[in-house]
Amino acid sequence: MGKSSKDKRDAYYRLAKEQGWRARSAFKLLQLDEEFDLFNGVTRVVDLCAAPGSWSQVLSRVLIQGQQVGRAAWEDKRYKELLRLRQQGSIVDDSEEEAPTEAKPRKDVKIVAIDLQPMSPLEGITCLKADITHSSTIPLLLQALDPDYDPTSSSIEASSPVDLVLSDGAPDVTGLHDLDIYVQSQLLWAALNLALCVLRPGGKFVAKIFRGKDVDLLYAQLKVVFQSVTVAKPRSSRASSVEAFIVCTNFQPPKGFKASLDNPLGAGRRLEQSSSTHDNLNGSPRTVRDDGIVELDMDTQSAEDAASDRQGLADRSTRWIAPFLACGDLSAFDADASHKLPEGHVSLDPIQPPTAPPYKRALEERKKMGGAYGKVKGAG
Amino acid sequence: MLEHVHHRVPVTALSFHRRDHVILAGHGNLLRGYDIDTGQILTNLKVFDDQAVHGILVTPDEDVLLVWGGRLVRKLNGHSISTYRPSNVYEARDWILDAALSPEDDCIAFVDAHNALTICNIRDLSAEDDGSTKPLATAVPSSNCILYSAHVTWLSGSQCLIASGTAFGDVMLWSASISRIADGSFTAVAQTHYTFSAHEGSVFGVQLSSKQQARRLGDGCDCLLASCSDDRQVKVWDVSDRFTNSHSLPQIQRDTGFGSKPEAEEHAPPCLAAAMGHVSRIWKIRFCDHDAQKGVEIMSFGEDASNILWSVKPDSEPGNQPFALKQVGVQNAHAGKQIWSVAAAEDGCFATGGADGAIAIHHAPNLPAEPSEIDRKMLEPGDNIRYYAFFNQGAMLATTDSGSVWTLQLGAAGTSSAREVLPALPALRGYSVVASISRLAFLAGSAGIVYMYNANTNKLTSVADCGKKVTGLFVSSHEKSHSVRLVDLLITTVGQSDPCYMRFVRDAISTAEYVSPREDHQPSLPIPEGFSITSFTTMEHAQPCIHLTLVGARNGSIAICNTSSDGHDGLIKLLPNVHGKEAVTALLWRSHGNKPTTLSGYLHSLGKDGTHAVHNIRRHDQKWEIELIHQLGLPFGPNIEGLTILPNDHLLIWGFRGKAFIVYDADAEQETMTVACGGAHRNFAFQPSVEGGTFVWTKASKIYQHMQTRRPYTLITPGDHGREIKAVSVSSTEDMQIFATGAEDTNIKLSTFDEKDGFRCVQTLRRHNTGIQHLCWSSACRYLFSSGGFEEFYVWRVTTGVPVLGGVGVVCESVHPNSGKSDLRILGFDISETRQKGVFDIVLAYSDSTLKQWSYDIGTWSLVSTIDYLTACLTEVFHTSGHVITTATDGHLALWDTEASASSLTWRTRHRTHQNAILGVAFRELHDRSSLVFTAGDDNAIGITRIEQCGAVRALLIPRAHTAAVTAVAVVPSDTDRNTLLLLSASIDQRVKLWTVSIDVTEPGVDGVHVKLQRNVATSVADVSSLALCRLAGDEGVGCVVCRVGMEIWRIGGGIRDTYLSRVSDEVIRE
């Protein structure tokens, strides 16, 4: 395939190169921000599993440089034009024309990016090469946020200095779906455990999640410690992908709960459910929305004629389906669509080449021997 | 109302059960026992509700099975394969990676994904099942590191040795001393021996050897560790020395606070050998135990669905590791990707389980015998064997450069013996051709003299003199009765278009000799000018007495000639370019039909275009009817050389792929023999048998032989793609229900289903170059349409009920002219049949938001209209209640109108239902002519949109219909109430839900639509992408098939059989 075919197939890949992002995932965070106003009042952020660093780049541009990055930069003009022509006479939502709020660099911004993989430095961001599952990472992190932090005297709870914890981490999937979902959930638990240690009450937590089997167990656990939990899918994330983002706001640690990486939540330890995870099913199950769609609020878990068919102890605990929200305006580029390239389009090189895979050496060896590595039909 | 019938999903666990000669396999939540020889399912137990089985352990007395998956463990008690019954479910704290039974008492050790050790006594596990789940206590607590692999072994009744592989390339070797305390629980003291960075990527497999295995590398060797990884490497470590202690990984991290460890902190064992193998990740590794003579052998199993056998040999090269891993054999038994499970039996036999749902039983010894060179010492110095052909089991006739003729007898062990028939014949010197059939061979050379070799008499006689250099000899024969045998010989010569045709008859009296009839009784062959013959066969029909000669040409054409003794018809038909412009390499005739008075049969042909074609030839009312019923590409080629029908009625095809000679069982879709011979373009001879055959080939002026008397492996339940299924469509004809599936492997498979034997693949359509996006049958199911990426769109003509080809013949009737022209994907399409047979209106939905309407008329395409939607990728297009409707990734339904004047589509209105992509659609026209459209949303919601004939649209939304994206919906009318529909939905939350939707059409919009959840069941098919309705045997005969990572069939109860079937038969009648 030619160099520009990926540009056509994936508008965000092309835009990321044009706008200088290290990876197309930058748009996922930007679109999440559009919907949730994630950076409002935020100055202290921890970016977990940060490499290659596109989310840190977003943080840097928004918080440090005070840039207005957002929809205006990548709005798809063609869409609006077509819609206008077709729906002449009908009401066009002109809220999009509102003037953007003024942006400026913020004061006392502290951003720490953590990954086990090396990451190219970014101005104003402290990069830590550390293991997010390890308890010794927390004092390192706190010290990076406040250089005068004294690990021997300060207690974690007392400082609780972070407004927002982000994690875009995902494992290399194996194709064995239940194992992949398990490993991703472990990564989410690791990020959450760390967030619980450093987040201030009222703080926010945003992490990648695989929407798969038993994801409702994870949602229910998150709902115990955050007032609002939403599963969000940015338009820049492909519809064919299991990936979504869990956006948790207003951190409210339960009374008596003590976070610790030495006794993490996850495999064995779980949070006690509170009544807050139960949705209020009172009132009419049918509501007519403003757009005329009739929404039917009903119990979709327990069927008429079946007992529970889940054996695990945890699996019988509370499940809860977080509300879903698609992010990014519909006028944004569609990650699944093929796009016509603008006239005179020049395909750019990626800002940062992808991280070397562990099989890089195998590729080189095979190339030396003249083999068409990875091109074998059915094996790729 | 929703009952599980069958599933075929990846095989995630395997174990041999020796006493009952059974292989136990975990398929999703089921444990199945198969008879090793017949592949018959002997037991089918549901072990877990919604958890896949990942491990099976059989106790030495085989009275207890221990099965685990995820965190769950279950014990099964029984005395034979059909009596095992599960007890209570136990739950560990974390995902179990491995388990082992202690040699002395009945203790089991489990290692989990955070490196915790759990010990329990198998007798302490309840034998009853009261439905409860009980916890298992951990003996050695977990650490923070996440493991991808672990192997636990017992060194004694109180000590375990554990190897663990982490996600970051580290390996830990540690042991635990176990003691039982008063309350019956276990405690353990752990000790870490080694912690080291073993690989550059995740360690997916670790395995510890036994002491006996290690000793084969030297007396100082007590224990070996083998590891495999993401980095495509296999490594062997000497972990005999376990006296020193290492810091554990958490301790190292505690010291530094960082994940990367300074070298000084590492304590690594000596690496004995390392090698690179497989084209992708390596999942598993095992020591092979069966043959001590072979030293240490290791088998690795990969994502590339292959297994490689390695031999650990001393390496004397200075600077290298002390040993080298030598690759001794590769097998590709599984389709698609992934070997997920492995089991070994004591006799050296082992089993692999793949993502294709198949189990391969690999027989020992697994080594492909080295090819043996045929001894040429008997020849004069400087002379060499040139041409050869089999005339009998293991017996060949060979000519040499000097023109001498020999018989060669080949033995199974690679031996051969030669006997001279005649010393140097001048007519055969320097150049010769040989052709043979059973017990007869013909030879000719540049002088034009043709000789016959008769094995009965061991005599060579001259039968013809063509006067010109002979370029080809073709032979065919018919045993007309016990005594009468006809032999047809076709001789082609240089510069002459008319071949010489000769017939021989076996002497009825002596039965040893052959005689040739007088010249004026010899047939002539009425082939067209320039028809250069490359293949030949004949057929003989008794009543009416007809003899046909079938010849294939270098230009891909086939001629059918009447060569009956009256000889009136001459050339019956010339089939031009059956194999394009490539040579027809082989022809095979198979008569069929019970009536002796009508001639009917099937002509198989192979070509260098890499396809296998079948024509049905019938003689009816003195007229010939010839129809191409099948032509598909083979999984190897394009040099496809020969075919035969085996005594078990399987069609066997052979040819070359790259540098290997391949023998392929087309009915079993299995490569039965693979010989590395250097590739096509060489002299070779092959004599097939059910288990393999004998292959003889020339390479660099040497002659080699390879005889295979047993297939290297047998497959149980093969036929799945082994890759993610993206589309399914079920045919609805009465005679034969076909499940068409299209997958990421770019193939389409046609399968049948029955409840006893499950799915059986009958054809594989390998023509797409991209993953399949959508499939649809025409209403009479004579055509299948398929779409993919790169604008690929194909039309397949499908013939069912044929007595060959597993009952189904397939021809690709047309390739859309835009196929391959751009990188657009066609995600959905709508087919409507016109009144004219074979003419369709086709609307294609593209990924760049355009919709194109085409008219298709048996191979010709005309564009009716092209319309742009917005910018969103279109996902589906269909028509109902007079509207064409599309769905897209923007969550909207769009209604399109057909302009009466131009009969082209125009965009009319769009209606938002979902927040983002609509992934599936089902619809039903109601009796007031309005329609209900059910949509599956990526936003976890199901939308129910009512579209009235006037175009009024109202939607009802169930926002949290599933926990994750809803990917497919299907709708079935209820028989009991015409105002009720049954709605099936499937999601990547691995749940299938059955809803009842009742409609009061008198109410406006969706006010009269009421939804109720009836069933919420777990499916073993991960990442569900598609659903389709199907027919099942029995009274409650409607089911649905769920596809993606495997296929699963559910029966939908509730008396809906009649309605559904009447709909099906309506459509049949309509056509």
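Note that the numbers count up from 1, one per residue, in the order the chain is shown.
Using the three backbone atoms N, Cα and C, a Cβ is placed for every residue, glycine included.
Curation does not apply to TrEMBL; its annotations are automatic.
TrEMBL names A:Gly53, A:Trp55, A:Asp115, A:Asp131 as S-adenosyl-L-methionine ligands; from the candidate set A:Asp33, A:Asp163, A:Asp168, A:Asp172, the record adds A:Asp168 to that same site.
In this set, none of the recorded positions among A:Gly53, A:Trp55, A:Asp115, A:Asp168, A:Lys208 has a C-beta falling under 8 Å from a C-beta of chain B. The Cβ of A:Asp131 (S-adenosyl-L-methionine binding site) has 25 other Cβ atoms within 10 Å, all protein chains considered. With a cut-off of 8 Å between CB atoms and residues at least 6 apart in sequence, the same chain places A:Ser167, A:Asp168, A:Gly169, A:Ala170, A:Gln184, A:Leu188, A:Glu243, A:Ala244, A:Phe245, A:Ile246 near A:Lys208 (active site, proton acceptor), listed in sequence order. In sequence order, A:Ser25, A:Ala26, A:Leu29, A:Asp47, A:Leu166, A:Asp168 make up the list of same-chain residues 6 or more apart from A:Trp55 (S-adenosyl-L-methionine binding site) whose Cβ falls under 8 Å from its Cβ. In this structure the residues listed as binding S-adenosyl-L-methionine are A:Gly53, A:Trp55, A:Asp115, A:Asp131, A:Asp168; their two most distant Cα atoms lie 18 Å apart. Under 8 Å, Cβ to Cβ, and six or more positions away along its own chain, A:Asp115 (S-adenosyl-L-methionine binding site) finds A:Leu48, A:Cys49, A:Ala50, A:Ala51, A:Cys127, A:Leu128, A:Lys129. Shown in sequence order, A:Arg22, A:Ala113, A:Met119, A:Ser120, A:Leu122, A:Cys127, A:Gln352 are the residues of the chain, 6+ apart in sequence, with a C-beta less than 8 angstroms from the C-beta of A:Gly53 (S-adenosyl-L-methionine binding site).
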